[in-house]
Amino acid sequence: MAASVRILGIDPGSRVTGFGVIDVRGRDHFYVASGCIKTPADAPLADRIAVIVRHIGEVVTVYKPQQAAVEQVFVNVNPASTLMLGQARGAALAALVSHKLPVSEYTALQVKQAVVGKGKAAKEQVQHMVVQMLGLSGTPQPDAADGLAVALTHALRNHGLAAKLNPSGMQVKRGRFQ
């Protein structure tokens, strides 16, 4: 029987940070936990970052993942929102590396392509595919589903058939190696 790997996926946000924990055995994915870390909207940024760091630390301590994956920041129309999101993401990364976890990063496009099959998928499509892929009886909250989708993306890219077919990690794009 294949060894099990536990992966923590994080969808960072300054107000709500979603997380998802899955186990991967061979080509099978199993739901462990998911949830949302909510920060007080009226709290100063430093306090909100402290909440994110503390709660991600608790998730790591309780569920003991061996690997972590975080969604990268996308550039928003509002520069202030992008900066806030970047700071929340930095808090998540700091919490993970302080627990000595290897961290991989994926763009929203990569997550949607891995889970749904197309990069322009709607949040509802991501939620639906997370439910299907993990055999869940209910639909997780959108941010928690995104955290699970990030974990699934990491599993599919590093533990699934794609990793076995391309162990070097090299990607071919339009006939060129990158």
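Quick reminder: no glycine exception, Cβ is built from N, Cα and C everywhere.
The Cβ of Asp11 (active site) has Thr17, Gly18, Phe19, Glu71, Asp143, Asp146, Gly147, Ala149, Val150 as same-chain neighbours under 8 Å, each 6 or more residues away in sequence. Secondary structure at Asp11 (active site), as computed by DSSP, is strand. The active site annotation in Swiss-Prot covers Asp11 (among others), and the record cites sequence analysis as its basis.
Sequence annotations record features per position, and here Swiss-Prot assigns active site to Glu71 (among others) based on sequence analysis.
Residues or ranges marked as active site by Swiss-Prot: Asp143 (among others).
Annotation comment: Swiss-Prot describes Asp11, Asp143 as Mg(2+) 1 binding site, evidence class sequence analysis.
Marked as Mg(2+) 2 binding site by Swiss-Prot: Glu71. In the three-state DSSP classification, Glu71 (active site) falls within a strand.
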